[in-house]
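TrEMBL has this to say about the protein:
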REGION    1-21  region 'Disordered'
TRANSMEM  69-89  transmembrane segment
TRANSMEM  117-139  transmembrane segment
TRANSMEM  185-203  transmembrane segment
TRANSMEM  245-265  transmembrane segment
TRANSMEM  338-360  transmembrane segment
TRANSMEM  372-391  transmembrane segment
TRANSMEM  397-415  transmembrane segment
TRANSMEM  427-456  transmembrane segment
Amino acid sequence: MAHDISNDQPPPETSTTTTPPLLRRNFLRLPSTLKLKTSLWSELSGAVGDLGTYIPIVLALSLVNNLDLTTTLIFTSLYNIITGLFFGLPMPVQPMKSIAAVAISESPPLTIPQISAAGLSVAAVLLFLGTTGLMSFLYRYLPLPVVRGVQLSQGLQFAFSAIKYIRYQQDLSSGSSKTGPVRPWFSLDGLALALIAVLFLVLTTGAGEDNHSEQQQHELEENDYDSEERVDNLRRNKIRRRLKILSMIPSALIVFVFGLLLCFIRDPSIFHDLRFGPSRIKFIRITWDDFKVGFVRAAIPQIPLSILNSVIAVCKLSGDLFPEREASAMKVSVSVGVMNFVGCWFGAMPCCHGAGGLAGQYRFGGRSGASIVFLGIGKLLIALVFGNSFGRILGQFPIGILGVLLLFAGIELAMASKDMSSKQESFVMFVCAAVSLTGSSAALGFFVGIVLYLLLKLRELDCGFGFLSNSNKDKSSKDEETHLMA
């Protein structure tokens, strides 16, 4: 009977009605690297997580070194879009900080050809290390405490710079690292405004995402409890729901958009100075003298920082934040090299991938490559619409708010070092970080950390010399025992 009834039924049409046409399905299908891991607003909020580093450096280079803002925005936007599609992570595109610092602080400041030559020199080194497999070798065998020490020093350095941005007035056009007078409390770029932004971000994002919260919530729901424990669990679940709602607020995006609005309130003449349309992109002529100056003054201090922070630290951090999607050291190294080999010939700012940017974008909600693609689209639209006149807007952006964004990014990066499991590992990490901070050189801290790590391992070796060898001692005691028994 059941067989007859099933035969009397009309042929199923659900497949034709519920499944969209093949053409439409392929048209709407996004690459797997761009699939949202959270909400759209969270990805948009994470997209602005590294602007606390990006904007001050780009603005200073444009004011001091005459960096073409249109060219840098267009090329960095393309870097963002390709990086998001390729890695599927909120992998940042940030300025090469050491090159930027030297270019701004030198007297006279470095020229654009010299800056481009420095970027090309670093790109050549990273391309060589990536394509030959040496970068993967370094990443595989470098001691974890030393890597954590570099991350901790970079995170704390970001945090220290952020506090300076918040507390003191900054003149980015001077090219000097000296801080200005104390920032006034009540102004459109005052201490009160920055503290309000800090409170808002703390209330909405807390101390960052807890990866174990969802697992603990499932365990609480599955287990059986008595009435009192059930009431406590209901109260905790209510708090978790409220925290989840708060975390869905695109807090960093709101703070950044608010800062943009303040630009026009602080200086309404910006409206009259805006010029629509991009400037012309030009090929940069780089001489041999430019290569000599750029390599010696800017590339040499940048190379160790790029290897440690832009490749090794960012890959290690990607494995911590996304265990199933850890970035390859070879791919990241080649990516930095290719980016600069394309853009530096046109005068674009030398760029890299930074652990601090990844930490900042993750901190504010970035979980997929879509976050970086959104940022790239935004940069591209700004470059095509406003061109170099966008520098007038950035010039009035509240530096205190940029400091707030940079502060959270730095703390997130520093907290990656919390996984040291022994006192010996923590000792190596803290010494490496301390030397990096006081010596203002990640390479010096890295070298000291490696030497210290090897010395500690040497203490544990069985050298096999006289009274230092346990095996000789055991052997002699056994010989004595045999002789007495005989």
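Yeah, the Cβs are placed from backbone N, Cα and C, and that goes for glycine too.
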Beyond the flanks of the transmembrane segment (185-203) by 6 or more, those residues with Cβ under 8 Å of it:
166-167, 246, 251-252, 254-255, 258, 262, 265-266, 398-401, 403-404, 407-408
Could you tell me what the rest of the chain brings near the transmembrane segment (117-139), counting residues at least six beyond its ends with Cβ under 8 Å?
96, 99, 102-103, 110, 286, 290-291, 293-295, 297-299, 302-303, 306-307, 310-312, 315-316, 328-334, 336-341, 343-345, 349-352
How about long-range neighbours of the transmembrane segment (338-360): same chain, 6 or more residues beyond its ends, C-beta under 8 Å?
49-50, 52-54, 57-58, 61, 67-68, 71-72, 74-76, 79, 83, 89-97, 99-100, 112, 115-120, 122-124, 127, 151, 154-155, 158, 281-284, 286, 302, 306, 309-311, 313-314, 316-318, 321, 332, 405-406, 408-410, 412-413, 416
